[in-house]
Each structure stands twice: as C-alpha cells, then as structure tokens.
There are 2 protein chains.
Amino acid sequence: MKISINRQYFIEQLNHCLKAISPRTTLPILNGIKLEVKEDHLLLTGSDSEISIEITIPTEINNEEILEISETGTVVLSGRFFVDIIKKLSGNFVQLETNDAFQTKITASQSEFNLSGNDPDQYPLLPEVNDEESIILPSAVLKTIINQTNFAVSLSETRPVLTGVNWQFDDKGIQFTATDSHRLALRRLEGDQFGMDSMHAIIPGKSLNELNKIINDSDDEVEIHFSQNQVLISYGNMRFISRLLEGNYPDTSRLFPENYETKVTVNNGEFYHAIDRVSLLAREGGNNVIRMSVDDGNVALSSNSPEVGTVHEDISTGNVEGENLKISFNSRYMMDALKAINDDEVTIEFFGTMRPFTLKAAESDAVVQLILPIRTY
Amino acid sequence: MKISINRQYFIEQLNHCLKAISPRTTLPILNGIKLEVKEDHLLLTGSDSEISIEITIPTEINNEEILEISETGTVVLSGRFFVDIIKKLSGNFVQLETNDAFQTKITASQSEFNLSGNDPDQYPLLPEVNDEESIILPSAVLKTIINQTNFAVSLSETRPVLTGVNWQFDDKGIQFTATDSHRLALRRLEGDQFGMDSMHAIIPGKSLNELNKIINDSDDEVEIHFSQNQVLISYGNMRFISRLLEGNYPDTSRLFPENYETKVTVNNGEFYHAIDRVSLLAREGGNNVIRMSVDDGNVALSSNSPEVGTVHEDISTGNVEGENLKISFNSRYMMDALKAINDDEVTIEFFGTMRPFTLKAAESDAVVQLILPIRTY
C-alpha cells in the first residue's frame, strides 16, 4: 500500500478507532489498527473482540482531497505507537508506504519512521451482522437514552446480563432498563416506527459507553441493526459493532409499587446540591448513606461522621403529600438518578421506610428511576 | 469566634493555604487549617512542618466588606473537610461560629454543618524568621527562575542537598543551580541590588514548586527574607515559609568545559518537537536514549525499538561548527533543557562523545543547561 493522507482528519478517525482497542486484549494483534487501502477508500478497523469499529475514509470530502491512493494493500500497525506518531508529526499530509514484509515507512516533512507491521491475515474477521431488524434514531436521542440508563448497569460479573442495558421492543416503542439490583433506571421511547414484536436485546454497558464518546449531540442519523448475537450501529462513515449479552433479562415490571405513602416534589438542581453537601460527611464509611425526613410538610436531609461532625439541610418544597417519613439511601444513587431526569421539577414517591422509592419528572413518565433504601432507622 | 465571610474570596485563600498541607503528615493536627480571628482580620495557617503558609484576610478590600467579625477566637479545622464544605455551600456569605469545645457551626442559606474542631494550642508554632538578609523580585522573574532550574533538582534523598536549588549570592548578583548529577540547570541574575557577600541558601525543590503554583506571572513584588535555617517569602497578603536544606552544595563550576569540539545552533521549537518524535521509539527501555549525529554539517536524530521500528529525523540548521560527532542522551533531559531556554535559537556545545554538553540561548549566557551523555557508541 502507498498513500498520502490529511493528518488532522486521519488523527480524528484514528482516535475513534482507538476506542475499540483495549490494552488488556489476550490476542496481541488486536493491539493494532488494520489499514486496508482499496481502490477508492481507506478502511480502518479496531477491535477488542467485544467491540469493533470500522471507519471508511474516502478520497475527497466536500471536494477537498484528503486521501491520495498510489497503491492498494493492507497492514496491521501497533495502535498505540502508530497513533502517537501521526499526532506528533508536523505538516498537513503524511505518507505511508508498506513493503511485502509489512514494514511501513511513515514520512512527513523531515521525519521518517519505519514501523514493523503485522500480516492482516492474522487479524480476526469481524462478525457478520445480518440485517434482521433495524431502527433509526437521531444521535442526540440515543445519547440521552444512554445517559439516562447506562450509569445503573452492574459492574459486577456475577450476573452478566445485568452488565448491559436491556432494550425491550413492543408494539408501541422501546423500553430501556438497567439495574445493578440496588437501583434501576428505566426509559421509554414511544413511537410506531420503533414498534417490533416483543424482541429484546441486551447491549453491554461498556459498548454503550464507548459509543456515547463517539456520537455527537446532534440530529445526525444513527442506524441500529440487530441480529441474533450482535448489534451494528452505522453512524456517518463509521460502523460500530458490539456483541449482545446472552441470557434472560429479569422481569423488573413487578418492582414498581403503586399508591405512594409519601410524595415530595423538589427542585432538581437545589436538591442535587443539597445531597452533594450532605454526602460530604457520609463518605467516610464508604457507603455514602444519608438520611431524609418528611415531617409535617418539612423535608430535611442529614448525615454525620462520628469523628468529623454533623450536617443538616432544609429542603424547600411547596409540595408534600401523604405520611411523615424517615428513610436512608445511598447519596451517589440519588445524585445519579437526579442527573438522569432532564427536568427542573422532580417527583419522588415513597412507599415506606423499607421499600424502594421512585423518581421521575413532575410532568412525564418517560424516565423512572428506582432506588432501594438502606436500613438505618 | 464568630464571623461572616465572603465565600468566593474565602475559597481562593483556603486553596492557597491547602498547598502547605500534606496528607502524609505525621502530626495529625497539621491536616487542619488554623483560623485565628483577631480584632480586625482573620489569619489562616496551613503547614506540613517543611512549608508553612500564613494568609491575612482583612475586613474590607477596595471598600467592599468581605469579613464581618462578631467575636474573636481561634480554632483548627480539618483542612480537607472544611474546604470541601465551603466550596459546596450556596450563597455569597458563610457564617462560622465556634464554641468553647471548638465545635464549629458553619451555616449558609439552608445548610448547617457542625464540625469537630481542634484546640489551637496543639498547633505547632511557626518558625521565627529573623530578617537577616532580604531581596525583592517581581513575581514573574521569580517564576521564570523557578521554571528554569527547579525541574533539574534530584528526586532521590541519597544526597539531600541536591533536592534543592542552590541560591549563591556574590557581589554582582545571584546564581541559581540545580542538579540531579545527570544534568544541571544554571541561571544567573545580575544586579547590584541582589549583591550579598558570598551567602548561599538551598531551598527545597518541593517548596519552590508549591510557591510557583501560588505566585502570579506579574510585576507584583515578592520579598524574600533569609535567616539561618528558613526562608520567608512575603507576597501580597501571604507569608510563605520554608525550611532551608542544610549542608554544603557541591562546587559545580569545574563541570563547565571550555573550547567546544562541535557547536550547533538550532531552532528551539523545531528541535524540541523532533526530539519528542524520536523519543516515541525510545521509551521502551525506560531510559529514553536517542542518538544525535553531526556529519559534514548535517544534523540528524535517530532511535530504534527492536520490536517496534526505527525513526530518523533531519534537523535544519544553518550553523554547524567543528568536528563531526555521534552522541547519545536522555531525550527527557534534552526536552527539559530546551523548555528552560526562553529563546528561539539555542546553541549546543559538545566536547566529545563522552563529555557533558551545554545548551544556552544563542545571544545570552543567563541560562546554561548541562547534560551528561549516555555511552552507546
């Protein structure tokens, strides 16, 4: 292969590609990026065998030449070294030339690197994704969905299905669920165009995290194709492929209680900052437990650390219904849940000191966050 | 004590004060900040017993009230918790009130913290600095001096004097020297006003580092007072006190050779970036060794990593004098030295493959950097 390529554009695409590469891979060749020069484009591939990212670089973008192809060919180059070199070179264009032994000469102005490359035949084939079912979302909507659910996936491998977000399709739309069994995040997306017959897919939280770093907060279309074991996400010049988690996702619908005992509406930002302050004295034990009380319409938060001191916060709320209450919870879970609710007013419904409570926007059920309390009273 | 204080201004001053506090102190009370409320000001003190920082907060700045004093008194509060609390509170002003048991109530809008405080009598007395000799420097000049020398101090405690920068006064000015015995940084500051009779003081590198984070790049005056074992630096409303290192600093004057064998003048930025690129393939062994050659007026850098590949850089220079040369050195030391020379043109003088070489600005001797080569040829 022999090409000349716009260095800044190349760096951006390589940075996306690196997101699929894990330094802890067991297959050494997966530390590399595969470069395939075809007649009229360059294809970059990075993979850690769970996530694969494929990027197509055309010769021109908006009539500006970004890639000049002198000779086709394929090579795999050590991802870390290769990208560092391209970043530190000077000049607008960089030249790459690979010989039969996959030795690759990289030149730009007065610099010349010769990198040992690997035989692309050693590089594993990407999984085939048969386009069985697919939907289209604006990237901003997908980003919001990821932000509202993905934080709640389990980080423990004891129940692998819980490390992913469950996408449950029904005839009216999609329900996204994530839980680590201490808290649960639920988001509904309504729309006939998403309607499918009771299909479900569990996408690993780690894959959604990496995808979230790549897609923009914009109207750009994201095409999502599901097959039996894989999901393929097409976005601009990129194909992002992730395996799906196998197994049955637990039925979480029965977790949501009805008929609250206590209902409180608070200002999202003020409540968030109050929790943040109160948790300052709750982090010593490592479990961030803070207490909340509802007493004759007055809402207060408190915490104490025996060696350090105590804290008390009064919460302004014009809206308290139902019984008095004392409850304790993990402040981190509460702050995550508040961030996931894109609304200034948040309604919290409690069902007693020992039962899970729920948070949602005052005016919408699209997002519901559920948190298990901690027994301290 | 009982006060009300402007929260933003208080946070800035507390952040400065925290720079003297080390989480690894052996004396637990030094994890705290001492607050002394006097009749007309508040005095903050932080210390790790090597560095102490004292900050005076007046009641008004530019006719704006920043501190209201209702009752004098003194308390020591856990630095980490106290500063985090003040930062996370809301409102422009925060109230502090300490009782006889040093319990301190911190209130702002709807928040109330009660922090356990410590008896200030347990707090060690700061060292007295008798004003024996002193000089005044603009803060920007002091910052430059620190940046040009402090990186070269030794990080190893085997020869403690080398962990500091030696300030050697003579009748014409001050010479600043730092060395870790692999490279040496030297800066001269000329001026009769600095002239003192052969006094010297070794200031710990760590103290200069912290000082550098606090002082601005401006014309503000910094007063530096030396006593037998301490240096006191007065800057605005702050007194910064550091112990001096005891012992004799080695005589480094004989290290500087005369009559170069090879002399090369390079563009500072271009040479720096070329070294940065070549060192990409030199970091594997951990010693960052790169090779430089001067051959009939052509200057080149190179390096290789057996598994990864090779790199070659041609260096543009209009100015090569003397013998041909092959030499190897640590690229990190070379990059540090180039950064310390505030000039676009750098002159490098070599005295043979095995002898130290020097770098300085093409037009000035104020800064001289000396680097020992590494035997590879």
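Placement of Cβ uses the backbone N, Cα and C atoms for every residue, glycine included.
Positions annotated as domain 'DNA polymerase III beta sliding clamp N-terminal' by TrEMBL: B:1-127. The domain 'DNA polymerase III beta sliding clamp central' annotation in TrEMBL covers B:137-251. Annotation source TrEMBL lists domain 'DNA polymerase III beta sliding clamp C-terminal' at B:254-375.
As a summary of secondary structure, the domain 'DNA polymerase III beta sliding clamp N-terminal' (B:1-127) carries 29 helix, 58 strand, 40 coil according to DSSP. Broken down by DSSP into helix, strand and coil, the domain 'DNA polymerase III beta sliding clamp central' (B:137-251) contains 31 helix, 47 strand, 37 coil.
DSSP labels the residues of the domain 'DNA polymerase III beta sliding clamp C-terminal' (B:254-375) in these numbers: 26 helix, 54 strand, 42 coil.
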